[in-house]
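Participant: As annotated in Swiss-Prot:
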{"type": "BINDING", "residues": "Thr11, Arg15, Thr264, Gly307, Gly408", "note": "ADP binding site"}
{"type": "BINDING", "residues": "Thr11, Arg81, Glu82, Tyr133, Asp242", "note": "sn-glycerol 3-phosphate binding site"}
{"type": "BINDING", "residues": "Thr11, Thr12, Ser13, Thr264, Gly307, Gln311, Gly408", "note": "ATP binding site"}
{"type": "BINDING", "residues": "Arg81, Glu82, Tyr133, Asp242, Gln243", "note": "glycerol binding site"}
Amino acid sequence: MEYLLSIDQGTTSSRATLYAASGETLATVSRPLVQHYPNPGWVEHAAQEIWEGQLACIAEAIAKAGIAPAKVAGIGITNQRETTVVWERETGEPLHRAIVWQDRRTAELTESLKEQGLEAMVRERTGLLLDPYFSASKLSWLLDRVDGLRRRAERGEVCFGTIDSWLMFKLSGGKSHLTDISNASRTMLFNINTLEWDEELLRLFRIPRGMLPEVRGSAAGFGHTSAQVAGAEIPIAGVAGDQQAALFGQGCFAPGMAKATFGTGAFVVMNSGARLGVGDGVLSTIAWQLPGEAVQYALEGSIFIAGAAVQWLQEGLGLIASAREVEALAASVSDSAGVYFVPALSGLGTPYWDPYARGVIAGLTRGSTKAHLARAALEAIAFQTLDAIRAMEKASGIALKELRVDGGAAADNLLLQIQADLLGVPVLRPRCTESTSLGAAFLAGIGAGVLDTSAIAAQWALDRRFEPQMERNLREELHRGWQKCVRLSLGWEKN
């Protein structure tokens, strides 16, 4: 039997899962990750804690499965994207805590660049919007604020990387300073047209070229683990950012195929093929590159508040005792009776990108109940997903035929039925909803030569299919009501 080890380093936890090449889960281990909030709007992780926790997960997962490390055909790495790490090249010691993708400390810098009229140039080269979300401004901040860091970086003594790069460096015993093309595309320093680090962007953010990792395809081979670190020299065979890995794990290999990951927030990603789609309000990014094949691009939508809207009903309003109760409460009424909830509790993402939007509850009458509000919260997740997908369809010129879903909230049958009704296409929930981890393992399988995409596509198994049951006229009427409420929320804090 061939074994594949998936390393899934996320925002709140580190995980290692051992799979058979068939996709069967043999063992999984996870550890929570401490969040550090040194100032309002700042979010940091201790890079050394990430490494030590991940290493412990790897050892425990292999031991739990009862196999020797040398039996692992390949390791796949997937990770929280954009999170920025700097470390000393010679010792591998972190030189600052990792600045997490959620961190907003560089908002002034990105606003200043927008005011200089540079967003169109950045968008054209990277597919991204000028926002603190991405790595470039975080790295620029570190170089300017950490004593002596810029000087040392210019001397070649400092490495920069996203979390995948940091883990590969440590796993290889300092031999591999690499990243994959999907993670590189999220730094705002990588040109997704030329597929190279962009010299003009490096000058704009004042980044020394020598601190950047070498970029490789997503299953191109990334060296081996050190035997001292992992107990054997195991090939590091596949790497992708978390959302790209989830798209791969869902078997979305053809242009127009899409997945939505429903968690605290939600991410919607559509495969746009070898063509780079560009559209208002959606991000253009690299999905992956397989050996001997052209780069595959993707369109991405970010929804800031999804499951967190349900959490707010529980913690903020006390309408439910636990998030698990929301489905039954929402199902106790046949519709939301005209109630809409725009959960812009921290602004709105795709396609509005308005940090000044604030939450709106509208359409209340004397007959409105907490059940109507619970249903409106589920509808809000589905409406936001609909808005993102419509923007993607416009950008790609491809009409969505079905939506594959994963993440914690994908267990909510009512949410998925509402989603199918509002989209007007089937929503498919797979048996395995750990698509991110599975996608990394599949990439490792390709890199190690034990899998191909046809074998992976054949492994995808359906748990349940949700067919749309709503008439088109009603769907469009409800969406018009949603858009009316969104307009109320936009710019609320600024205006």
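Note: Cβ is positioned from N, Cα and C throughout, glycine not excepted.
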Participant: If you count Cβ atoms within 10 Å of each one, which of the binding-site residues Thr11, Gln243 comes out on top?
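Facilitator: The residue with the densest Cβ neighbourhood is Gln243.
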Participant: In the same chain, outside Arg81, Glu82, Tyr133, Asp242, Gln243, whose C-beta lies within 8 angstroms of the Cβ mean position for the glycerol site?
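Facilitator: Going along the sequence, the neighbours come out as Gln80, Thr83, Trp101, Arg186, Gly241.
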Participant: Please give me the binding-site residues out of Ser13, Thr264, Gly408 that lie within 10 Å of Asp242 (sn-glycerol 3-phosphate binding site), comparing Cα atoms only.
Facilitator: none
Participant: Using the alpha carbons only, what distance in Å do you get between Gly307 (ADP binding site) and Arg81 (sn-glycerol 3-phosphate binding site) once rounded?
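Facilitator: On Cα coordinates alone, these residues lie 20 Å apart.
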Participant: Only counting partners 6 or more residues apart, tell me which same-chain residues put their Cβ under 8 Å from the Cβ of Tyr133 (sn-glycerol 3-phosphate binding site).
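Facilitator: In sequence order, Glu82, Trp101, Gln102 meet the Cβ cut-off.
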Participant: Reported as an integer number of Å, what is the Cα distance between Thr12 (ATP binding site) and Thr264 (ADP binding site)?
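Facilitator: Cα-Cα distance, Thr12 (ATP binding site) to Thr264 (ADP binding site): 11 Å.
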Participant: Compute the C-alpha separation of Gln243 (glycerol binding site) from Gly408 (ADP binding site), stating it in Å without decimals.
Facilitator: 15
Participant: For the binding-site residues Arg15, Arg81, which one has its C-beta crowded by the most other C-beta atoms within 10 angstroms?
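Facilitator: Top count of Cβ atoms within 10 Å goes to Arg81.
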Participant: Hey, how far is Thr11 (ADP binding site) from Arg81 (sn-glycerol 3-phosphate binding site), Cα to Cα, in Å?
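Facilitator: Thr11 (ADP binding site) to Arg81 (sn-glycerol 3-phosphate binding site), Cα-Cα distance: 9 Å.
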Participant: Let me know the DSSP-derived helix, strand or coil state of Arg81 (sn-glycerol 3-phosphate binding site), please.
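Facilitator: In the DSSP reduction, Arg81 (sn-glycerol 3-phosphate binding site) maps to coil.
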Participant: Would you give the longest CA-CA distance, in whole angstrom, between residues of Thr11, Arg81, Glu82, Tyr133, Asp242, the set recorded as binding sn-glycerol 3-phosphate?
Facilitator: 15
